[in-house]
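All remarks here apply to the structure that follows.
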Amino acid sequence: MSTAQDTLTGPEAAPTRKGSVIGVVMTGVFLSGMDTTIVVLALPTMERDFGAALASLVWLIIGFLLVNTLLTTQAGRLGDLYGPARIYKAGFVLLTAASLFCGLAWDLTSLLVFRLCQGAGAAFLTANSGAIIATAFSRNERGRAYGHTGVGFSLGAVAGIVLGGLLITYVSWRWIFWINVPVGAVALAFARGALRDEAPRQRRGLDLPGMGTLGAGLFCVLWSTTRLATEPFSLFFAVLIACGVVLLGVFVLLERRQAEPMLRLSLFRIPALSAPLLAALLQGLANYAVLWLAIMYLQGPEGRSPLETALLIMPGYVIAGIICLGSGRLADRTGPLPPIAVGLGAEIIALGCYAQVSATGGVWLIVAANIVNGIGLGFFIPANSSAVMKAAPQDLIGISSGMLRTFASIGWVFSFPLAIMSASRSIPRDLVIAIFVGSSGLDGAAADAFTDALGPTFYVLMGIMILAMLASLIRLAGRKDRT
């Protein structure tokens with residue numbers, strides 16, 4: 001396992017070396033964030049090129065997130081065993097190679113396979129970014145460093161939408177993948193010099209039964225809920241969802257008996273660690289559902305083009321990136337709880353603003369709410385990451401970092417079917433995904449019905465965000481380990 005002596009550069013590393021580490025880590029999380037969103041606007045073009053249904057194409061989004069979810073803890077464990085720097089570099093190699101082949105895909109099946117490989121590469125990067133920072137920076141410097149990674153991911157997410165729109169409009173959808181190749185190659189070259197693992201690691205196996213049961217359980221639930229956006233509920237879907245829930249229960253039982261589990265449930269006995277993990281899951285679920293619903297609103301009732309939608313969403317993410325820099329330093333000075341509370345509070349206010357949107361003239365309310373939401377993201381992301389890594393046992397830094405990404409990813413994965421199913425309650429099912437990807441708009445009674453349904457949905461998401469706030473306040477407040 002990694003120890004304080006096994007550091008990449010060590011807490012006393014020179015500022016120039018630390019700057020190189022931050023630059024490489026920011027590039028990795030930037031690519032991961034960008035690849036999460038960059039395919040959204042390309043789906044209609046792919047539909048025409050491949051002759052595939054949009055309901056199948058959305059798995060290019062869900063599949064990426066699902067693989068990322070399954071592999072993050074295992075990638076974190078690989079970092080503990082073989083060194084986070086080595087696994088991080090492997091992530092660059094895998095993501096870059098998969099991106100090249102995504103652009104060369106000849107049908108939907110080949111594209112989906114390469115896209116899943118892309119998700120695996122992103123998991124290697126995101127899962128080990130926290131461990132790299134934890135071993136390269138002293139405890140009172142980590143918040144600032146996590147702030148930089150928050151900037152990378154936030155800018156990557158918005159760059160994915162904007163850059164994707166530009167490349168699809170003026171070049172080809174294949175370039176949304178090929179753009180990763182030169183960036184990944186250059187980042188790998190810098191990583192070889194900036195990131196080092198010096199001590200040998202003990203080799204141990206992966207938790208394949210855990211990965212299998214968690215993956216099968218999540219797939220059953222996600223596939224069913226996604227199909228329910230376009231098909232009526234039936235006994236088949238009920239059975240499949242029930243099977244998914246049972247498999248997830250089996251996963252928990254297996255993890256309690258495994259010597260080296262995928263998710264080390266014993267870590268939940270540490271309140272200062274379990275609180276930010278739960279907050280990451282709940283915040284990820286609510287926040288990403290907001291993104292999908294905002295896209296549907298802007299491209300549906302508002303009739304905006306995909307590129308216009310991207311530009312309207314962009315300010316919130318840019319502000320999130322800027323605030324991440326300062327909030328990381330704040331977490332170093334005050335401990336993670338104050339910026340976590342401010343961040344989640346701002347996101348709760350933003351959800352209240354989203355709930356007031358109307359069928360006409362609501363575009364600027366969406367923009368304003370997105371800016372408030374960006375402020376919340378900027379405070380929450382680095383502080384919550386700092387809380388996890390400060391509470392993690394030194395020999396489990398890698399797996400703790402992976403668990404943080406896993407819980408956040410589970411929230412992201414379920415946010416998409418939640419948004420799709422919410423929209424399908426008010427408008428014809430065949431329109432939901434078409435509106436999401438920008439190949440159709442909404443007007444008249446359909447637009448009114450869709451907008452009327454948004455209010456209650458946003459209030460439900462507000463309730464989820466309040467639970468994230470309570471988890472943080474109850475389990476972190478008043479504890480000595482909160483700083």
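Every residue gets a Cβ built from N, Cα and C, even glycine.
TrEMBL labels come from automatic prediction, so no person has curated them.
Note that this is a predicted model, so its numbers are computed, not measured.
What TrEMBL records for this protein:
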{"type": "DOMAIN", "residues": "21-480", "note": "domain 'Major facilitator superfamily (MFS) profile'"}
{"type": "TRANSMEM", "residues": "21-44", "note": "transmembrane segment"}
{"type": "TRANSMEM", "residues": "50-71", "note": "transmembrane segment"}
{"type": "TRANSMEM", "residues": "92-114", "note": "transmembrane segment"}
{"type": "TRANSMEM", "residues": "120-138", "note": "transmembrane segment"}
{"type": "TRANSMEM", "residues": "150-169", "note": "transmembrane segment"}
{"type": "TRANSMEM", "residues": "175-194", "note": "transmembrane segment"}
{"type": "TRANSMEM", "residues": "206-226", "note": "transmembrane segment"}
{"type": "TRANSMEM", "residues": "232-254", "note": "transmembrane segment"}
{"type": "TRANSMEM", "residues": "275-298", "note": "transmembrane segment"}
{"type": "TRANSMEM", "residues": "310-328", "note": "transmembrane segment"}
{"type": "TRANSMEM", "residues": "363-381", "note": "transmembrane segment"}
{"type": "TRANSMEM", "residues": "458-478", "note": "transmembrane segment"}
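Within its own chain, the transmembrane segment (275-298) has Cβ neighbours under 8 Å at 40, 267-268, 304, 308-309, 312-313, 336, 340, 344, 347, 350-351, 354, 357, 362-363, 366, 370, 373, 377, 380, 384-385, 387-388, 391, 403-404, 407-412, 414-416, 418-420, 422-423, 432, 435-436, 450-451, 454, 457-458, 461-462, 464-465, 467-469, 471-472, 474-476, counting only residues six or more beyond its boundaries. Three or more CB pairs closer than 8 A are found between the transmembrane segment (92-114) and the transmembrane segment (21-44), so contact between the two stretches is assigned (pairs 6 or more residues apart). The stretches the transmembrane segment (175-194) and the transmembrane segment (21-44) are in mutual contact, each linked to the other by at least three Cβ pairs under 8 Å (pairs 6 or more apart in sequence). Model confidence over the domain 'Major facilitator superfamily (MFS) profile' (21-480) stands at 83, taken as the mean pLDDT rounded to a whole number.
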